[in-house]
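Annotated in Swiss-Prot:
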{"type": "SIGNAL", "residues": "1-30", "note": "signal peptide"}
{"type": "DOMAIN", "residues": "31-73", "note": "domain 'WAP 1'"}
{"type": "DISULFID", "residues": "36-62", "note": "disulfide bond"}
{"type": "CARBOHYD", "residues": "44", "note": "N-linked glycosylation site"}
{"type": "DISULFID", "residues": "45-66", "note": "disulfide bond"}
{"type": "DISULFID", "residues": "49-61", "note": "disulfide bond"}
{"type": "DISULFID", "residues": "55-70", "note": "disulfide bond"}
{"type": "DOMAIN", "residues": "74-123", "note": "domain 'WAP 2'"}
{"type": "DISULFID", "residues": "80-110", "note": "disulfide bond"}
{"type": "DISULFID", "residues": "93-114", "note": "disulfide bond"}
{"type": "DISULFID", "residues": "97-109", "note": "disulfide bond"}
{"type": "DISULFID", "residues": "103-119", "note": "disulfide bond"}
């Protein structure tokens, strides 16, 4: 008789361990490298992700106001400086980069005031 009880008990224990292990693996992914870019606040509060593990490839889960999006990360620290729209950087109205890694040293790929992006010294 004890052997009959051990079967269902063992099955329940095994099922519990499998579910617990699955939760640990899928619930928290390792944070991906890079830093989230500055994103405009989304008024729709769209929740595309909760953690980096929910984003494909090297995309990071980044917040924009009350929303979250999978976004291509910046790979350098610091934030882009505020752009003075009254004095756009003349001569730089073309894209010089797409991501931080294309900029030399500590420079970051940031908006330059005329609708394009260029390598600039970040604020720390």
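Backbone N, Cα and C atoms are what each Cβ position is placed from, and that goes for glycine too.
Positions of the features from Swiss-Prot, shown on the structure.
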residue: 36; record: disulfide bond; DSSP class: coil
residue: 45; record: disulfide bond; DSSP class: coil
residue: 55; record: disulfide bond; DSSP class: coil
residue: 62; record: disulfide bond; DSSP class: strand
residue: 70; record: disulfide bond; DSSP class: strand
residue: 93; record: disulfide bond; DSSP class: coil
residue: 103; record: disulfide bond; DSSP class: coil
residue: 109; record: disulfide bond; DSSP class: strand
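The recorded positions close to residue 80 (disulfide bond), defined as a CA atom within 10 A of its CA, are 109 out of 44, 45, 103, 109.
Each residue contributes its Cα atom, and for residue 109 (disulfide bond) and residue 119 (disulfide bond) those atoms are 5 Å apart. When the alpha carbons of residue 66 (disulfide bond) and residue 103 (disulfide bond) are compared, the span between them is 30 angstrom. Long-range C-beta contacts of residue 103 (disulfide bond), restricted to its own chain and to partners at least six residues apart, with a cutoff below 8 Å, comprise 76, 97, 109, 119. Annotation for residue 70 (disulfide bond): same-chain Cβ neighbours under 8 Å, separated by at least 6 residues, are 48, 49, 54, 55, 56, 59, 60, 61, 62. With all protein chains in the displayed structure included, the most crowded Cβ environment within 10 Å among the disulfide-bonded residues 36, 55, 114 is that of 55.
Sequence-distant neighbours of residue 44 (N-linked glycosylation site) (same chain, 6+ residues apart, CB-CB distance under 8 A): 67. Of all the Cβ atoms in the protein chains shown, 12 others lie within 10 Å of the Cβ of residue 66 (disulfide bond).
DSSP assigns residue 114 (disulfide bond) to coil, not to a helix or a strand.
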